[in-house]
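Below: one structure, written as structure tokens.
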């Protein structure tokens with residue numbers, strides 16, 4: 001508990017120091033305030049957009065897109081990881097194809113996604129899903145391959161069927177790997193989201209940033225960019241918490257054995 005409080009204290013201190021330096025550099029004229037707004041101006045822009053509803057509405061839209069794309073991409077990635085990890089023939093047949101596809105960046109697919117799905121929600125969800133699938137697949141596959149044979153023997157001893165083995169043995173044993181893949185995927189999901197929203201959208205944080213650029217509202221642009229950092233950090237902390245829980249479970253399980 002004491003260590004956690006100390007960590008929070010130093011993190012907050014570092015943040016305040018960075019913001020103070022930023023404010024000083026802009027106010028002292030070392031940086032043109034018209035090109036890079038001071039934190040006080042960015043905070044005022046936050047308040048302005050919050051009061052107008054612009055901030056909340058665009059945030060809800062973007063988070064909804066991330067949530068849907070992340071759930072779809074994560075589900076497909078876990079499913080494919082289990083298949084290629086458990087069935088050698090499928091891994092030999094599709095493994096290299098998956099590695100080929102994962103090297104195609106989502107940003108390169110933006111024009112094609114717009115042609116296929118239009119500028120609506122489908123194109124954005126597709127790009128987010130694409131960015132999430134592959135890190136989740138790789139980590140799930142690695143987790144399945146690393147499962148100790150003793151666990152699988154245990155499933156045979158208790159005469160578990162395939163579904164029970166998957167539910168009771170395989171997924172729990174590979175959970176640390178799966179959560180790591182999901183943690184990587186959520187970061188990539190936000191990158192794909194902004195790429196899609198900057199290209200073609202009339203709502204979302206990416207649209208807010210793009211529209212602020214057209215109006216030369218640097219303060220609002222920076223507010224939108226920093227908001228993305230906040231959302232990404234919160235999402236990452238959730239998966240760090242889950243990862244720590246699964247690691248603790250794994251260590252406890254090994255001690256018991």
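Positions of Cβ are set from backbone N, Cα and C atoms, glycine also.
Bear in mind that the values here come from a model prediction, so they are computed numbers and not experimental data.
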When you get a sec, could you say which of 41-61, 125-145 is annotated transmembrane segment by TrEMBL?
125-145
Can you tell me which parts of the same chain pack against the transmembrane segment (125-145), counting only residues 6+ beyond its ends and a CB-CB cutoff under 8 A?
65-66, 68-70, 72-74, 76-78, 80-82, 84-86, 91, 98, 101-102, 106, 109-110, 113, 116-117, 170, 173-178, 180-182, 184-186, 188-189, 191-193, 195-196
Of the stretches 7-31, 190-209, 221-242, which racks up the most C-beta pairs under 8 Å with the transmembrane segment (63-85)?
190-209
